Amino acid sequence: MAEKWSWTAVSELLPLLLEGAKTTVIITIAGFLVAGLFGLLFAMLRRSPSKIVSKASGVVIDFIRCTPLLVQAFFLYFALPEIIHVRIDKYAAGIAALGLHYATYLSEVYRAGIDNVPKGQWEASRALNFGKAQTWLRIVLPQAIPPIVPVMGNYFIMMFKETPILIVIALPEMLLQAKLYGSANFRYIEAYTMVGLIFLLLSLPSSYLFRRLETKLNRR
């Protein structure tokens, strides 16, 4: 016999899921910041005039990209502490796993944006005796980033939807909260349905905000 939907279960579950959603959002934002910073670093290393640096960074990027995020989370939380003899917090491991994994994808996005900057802009910066830091901060990045905002927004939403993978390191995000409640009360239908709805309700506004940001940047 089909199990009936229980609004009582939903009312009990909702505070737990909202707490899990808070963790999920924090992990996503922190992971995206890590991905953005390391993605830019990887992109700059790939453009290095040194072939050794360029190829070495390419190998690192390919290695990270070609191994599953699940395995990377396991390694950072369970294996790495055994190697370096330092305990790693589950939040730090989760943020690092998400951030480094998606940094490899954002590096290609950055490269596309940087390659789109006209060569004349680089030559103009040299003519003005700009240093490397000035060239990147005042000339290149302001022109390279606006066109890639939509793609970066897509990766942000993808990261958000991949946070349930971090259940493997017992990070208390939404899916773990739903699983624990379902196991204790045998109310899996409500638990997993509500998780899906909350993901949807948070993803749609994020997508809208990135579209608005893209429009605003294109007007400049």
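Keep in mind that glycine also has a Cβ here, set from the backbone N, Cα and C atoms.
A TrEMBL annotation is a machine prediction, not a hand-curated record.
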Can you check which of 91-110, 191-210 TrEMBL lists as transmembrane segment? 191-210
Give the nonlocal contacts of the transmembrane segment (25-45) in its own chain as ranges (CB under 8 Å, at least six residues past its ends). 53-54, 56-57, 60-61, 91, 94-111, 114, 136, 152, 155-156, 159-160, 163, 166, 171, 173, 202
